[in-house]
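Peer 1: Questions regarding the structure given below will be posed in turn.
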């Protein structure tokens, strides 16, 4: 041992080698360079691994410090030799015997062998029983079992009687083999061995070779004797010699501190006092009965502690400790009941106070006086001064500080491609809270004996730091190991203590503190960094304590200083000699003695010549590897290979001596390195040279195969070799902030216009096409939804309808539905005639009528739009058609158009005057199909009504429904001063003409096709059947509009029809484009073919049962369930878009005779009734009261707007009604942050799909089906209407493509989410398979990197953008008045400035066009306002706007100078004007959101406000689809004030990520329609290579169907041979795509490969039977189970590549299975199910259930233990657990819930086996699924019935506002702890190996506690 200093050093000569003084340069060996890579020796492997090697090699006695490693070595050795023991006894196979000392140890061993292997184990522990067995009985046992575990007594009997001969045993394991030294059966058994010719391999295990103090000679003798008896070599584990026998040994220094001279005499005096007191207490003869506490105990303890501090540290410290103890004593004294005890405590208290007083005479306790400390302390301070840091400015670079290989680096993410920005905020910046590491070169521990010494020494050092600038750098802390031991139960206060200790350790690990003062507890087991200074303040008393504290000094340059008092030094030197001798003996027993290497370290310099270096580019002094640096290169290379947290891969070097005395080495790299062959070096003179040369040769080979780069460093995963895959694109130059591909980055794109509608305006005398828009009522509105008992008007009943006149043909598209008040109407676009021409004059008439429809009937014209048919991009005519003469054929109805032109009521109100002389005459037929206009009000924008019914039994003289007026006539006279001329005319019941122009989805269903809860259907029916709520008009006061009601009803459908037509044509165009680019489908469809209708996959009608049960079923299953399900939102001054903002008196009779409900709040009654005229007053009151009362009553379920019904309030406020009051009751639904039950992170409309425990609702409500599910089924069975074609050959249905282009924000009846998920998993599968087959030698890290680059959102976004998808996508809700450009119109540039959203000026928060609330805004308010409407409308006469419609549409706005519109993506901008409203966080009933200057609000602004967002003000039974899905719209605060200016009619703003989603959805769409081969071709055409390219010439071969089938993996799914293979596009590309080939070899060329293979997979037949699949090529099977640490497998790779493949395959198969589930899960449920089923926990649990772990091949001690725990846990639980990567151990253990860790390796082999089967079966997904489906089916069923959610997500949904997760903290044993605080409800902690595991453990505890305290929440 060349330890520099064993001799005592005098004070002067204390020479420490600190990093600062090191010749290696200042940074060498700083403690935070945690894992130093060794340069002169190979990275050592774990000692258990070394021991296992030794045991495989020869008979071995393993000496370990603990029991844990023993099992590992024994079990692994058994497994390695298992091929010798399978099969029948005797001729073929042997048996393995484990001997234990006592019966109770048998079971323990048995379970270990059974857990980790599939061997049959027999246990024999009972001598009585076993002794009586006959030979036959035994031989049966031996036949049955392969491993026999018996107590030594049983074994002795068996062997002595010859039941089993030693030659039949292949391995004999002796547990506790040290017993063999004594007279013990072990000895007898070994005697038998002497006579046996073929003796078994022997493994002895012992943990107790060293106990307490022992003499080196004895020890040596003991070991030698044991070796003799067991005929083995002893091998010690490195935990007995210094822990890493390879790291440079610390420099050991014994410092003689010199005697303590007590000049002041204070020391003597204090000592005297304390000793006198102790003597007194000891003399007190207090009788102690055995049961009682000793009254003097505490006093003795305190005084002796105090005395010890005085002696060791000196008077200053004694004073400090006395002060501390006095405080402690007060507590005891206060609680002490018993007189005697109390007296002793008081005595002690007095004494301590006396000591303090004595000290005060000598020094002021405030400052540290070094006269009063012991020499030991002085010495310590002197040592610490040597570690003073250098000046900071020399080193500014911090980059390697937080290096990823550190032990204490917390990896934040477990997944390979984290595109989600989920946990960014969790990352702590380590540099923030403490000085840069370079100010910190110390990382030290001072070991002391007593707790108090630690505490006071810490105080002293802190104090010294304040006074001595040289010590100011120290930041110290102490740890006293209170209950730090792993498993003892802990009390509450210990818990607190424990937390504190952990915090101390955390800081020390993070190098926030640089000095730890610790009691011996830290010697073992606690995870702390490598220190460069260890000081033993008290000398070590036994070998173990010496080694363990020395073992803490592991930094490359470190000092181990032992401080000794002069009087102790002699005896300690003796001890130290003993320790050294023991260490030496043990070291020699170490399987690889490192002494040899150390001896010649210094000779290394002249090795250079021994072997020439490997130099690149010799001319310019290029990079080189020399014989001295080669080993370092190899170590570094191995460290970079992919591995799991348990395995640190290291090279293995074997050196053998040749007969001539030279040595040669063989180097084996870890098995996942592409360089597989072992490398044999040339013979050299010394071991050291042999090892170095072989490394040098290896470097050369690695460089040649591209594993080392141009600088001879390991190539990263980003390696150049695979450049072509990464296809590194130039990042587009955009000014748009945000990361490309993320949700945060949004850009504008023009909306696409299908080619066939572009500039297709008919020209005079040019041939035209006339299409008829066919409308048929296919599903009439069911009675229970027809609350007003309205008559239904089937459109087909009247012949006059609309047509489209265009100059270009329109391709065939599927029929599609629109939903009118009468029910579902199917729309078809049929060609009526073509090739005819029209004259200029006719066209002008048609054009005028076209404009009339859009501007007057639909009132869509507004200042920003201008009718310019010649200049418009999308231009065609809409015109009326009718049956001409009697021919029964439709044609253009010119006569009708001319009549309209002549009509007086065409635009305004005709001025008919009736008088007494010419009274009004009522003609019934005029009113049968009429639209009427009241003539006495709203002159500029008159209201139009349908006549619903003629009440012939009523006349103007009938009784008026409200007491204020006698009759109707009186009402008109009084209110409008109108006289009627005909008092016998009947009255008219009227309905508003519809202003709901978005008819794409039905009103009674939400998007998922779920019925909306119709709160009080019964009540409402009654209401509509009575007269009260009807609107009644007098015919004489109305004019009849020239457009009949039947045609008007059809006109209302036009915007929806044209919009849907437009979208479907865009989709059809995309289908055709893909057909030419990818060769999937045909370019133009056959003439006679039409795709099946677009439908949403919903049930058509809803049976009344389910309706009546709505309250309990559909709500019961919805997440945001509220007890009072009447979600009434008061709808007040409802008004129709374009009406004049004058508040005149209105007269619609909305009569309501009910009194105010008693329970409504009193203030409502008073305020409301004051200003309302009586009639309106009543019904207003009723509605307000109800509505508001409802709001008062409970938390509003704001969260899923889908559940709002517009409430029908046909009432107008009168002029005098103050707007503020209205606003008080307006009370918007509260912002979502108050919704107690539903998180706003999840408002994506799945909020009300079933997550209940399988509530019956699932079956009764029509679940959201894939929009085209029905269609897909038809396609699959190929029974499409035109027989002979199918979407498999033609390409997908445009309806399905449209689904893939529709974001959930568009609030349509379908969206891309389901397809996206399917596409996502297929994409992963396709790319994975391609990479796997194309790069047979790339390891998993690289494959994974390439995959994540290819599937990243950023890449997909780029490809989607190139393909032109953004323009075709449907991103926002269809809202004709706001964002639809009618055909023939253009956006008028001059006037549209107010229409444009201006750049750079920010108002409140228009949430970008897609109208969804972004994650960032979630926290803010709901950002919606509702303005009172000026006139009540019937239920759907109500414009629905989404956020983006914060556009003001009316012309009046121009006049009133409305608001300048500005858009900012930041939800909080400074409110500087009255118009930038901010909603209060909590809008309570009385609060006024618009308190700012409401008085001067001019009314046209109200008008404007009505456009803001009525969709929140929903009337009662109308359906508004508008919900927000935060995942799409992230207008985050963090985007900075990015503002985007764009025009809503022609442009759309889309987040990059949505484009990526759309690419995935299209892939899903091609996959479901055309099969897998087509989907692969589609990907290739996008530019994602997933198939190999073959050049034109070899095309014929590629078409050979046999080969083809290789890749059409699921033949049932992909009839890919039918699909044309390559693109036969006009572009004539030379690319053709072939099929992937299975990589040729899975086994390496190796002389005995077959034999080795059979050895290695012996026993796997049972496994093959179990999974029911026989491998054709067994090498795949072996590879699937080989872990990277298993270096015995030299013939295949490890499982990582197969795992990479299998992971993607299982993900795809499971996703596909879920997608095709007839239950048609909604996207949210699909996502949850997928993450519940495709995750490590589930895979690992299944792997254990199917015994995968027994065949697992790994050599990794930690992994062994984790698997062990997990398997035991699984067996106890024996039941699969839901989501999340951990399973809970016990519910009770509330203190510290540590979830059981799921070994990732188990999940990995579950996946890798799938990959192996896939490869072995010739790439057949079907075969994989046949093996895996049976294993997974029970879980799939279980979860589908009751979808699990991850605890983290569930918690965030339960407590969206209040749950906050802390950053990760490290616990003392190196795990991670996360705390989640639920504000107001407590803090919950979770612990686990990774951040994610800990986070979900914490969430799970929080949930448990919350659920326990909230029984009232159903469905939790």
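Including glycine, each Cβ sits where the backbone N, Cα and C put it.
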Peer 1: If you check Swiss-Prot, which stretch out of 184-208, 209-233, 409-433 is marked region 'Disordered'?
Peer 2: 409-433
Peer 1: Can you match one of 1699, 1716, 1877 to the Mg(2+) 2 site that Swiss-Prot gives for 1804, 1807?
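Peer 2: Same Mg(2+) 2 site in Swiss-Prot: 1699.
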Peer 1: Can you say which of 706-725, 726-745, 746-765 is given as region 'Disordered' in Swiss-Prot?
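Peer 2: When 706-725, 726-745, 746-765 are checked in Swiss-Prot, region 'Disordered' belongs to 726-745.
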Peer 1: Swiss-Prot tags one of 476, 1464, 1817 as phosphoserine; which one?
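Peer 2: Looking at Swiss-Prot, the phosphoserine feature maps to 1464.
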Peer 1: Residues with Cβ closer than 8 Å to the Cβ of residue 1862 (phosphoserine), same chain and 6+ apart in sequence?
Peer 2: 1874, 1875, 1876, 1877
Peer 1: Which whole number is the mean pLDDT over the motif 'DECH box' (175-178)?
Peer 2: 87
Peer 1: Which secondary structure state does DSSP assign to residue 1316 (Mg(2+) 1 binding site), in the simple three-class scheme?
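Peer 2: Its secondary structure by DSSP: helix.
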Peer 1: Compute the C-alpha separation of residue 1800 (site 'Important for activity') from residue 1316 (Mg(2+) 1 binding site), stating it in Å without decimals.
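Peer 2: Between the alpha carbons of residue 1800 (site 'Important for activity') and residue 1316 (Mg(2+) 1 binding site) there are 28 Å.
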Peer 1: Count up the helix, strand and coil residues in the motif 'DECH box' (175-178) according to DSSP, in that order.
Peer 2: 2 helix, 1 strand, 1 coil
Peer 1: How many neighbouring Cβ atoms, not counting its own, are there within 10 Å of the Cβ of residue 1800 (site 'Important for activity')?
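Peer 2: Taking all protein chains shown, residue 1800 (site 'Important for activity') has 21 Cβ neighbours within 10 Å.
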Peer 1: Long-range same-chain neighbours of residue 1316 (Mg(2+) 1 binding site), Cβ under 8 Å, sequence gap at least 6?
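Peer 2: Correct list: 1300, 1557, 1558, 1560, 1561, 1564, 1723.
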Peer 1: For the domain 'RNase III 1' (1276-1403), how many residues does DSSP put in helix, in strand and in coil?
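Peer 2: Result for the domain 'RNase III 1' (1276-1403), in helix, strand, coil order: 71 helix, 6 strand, 51 coil.
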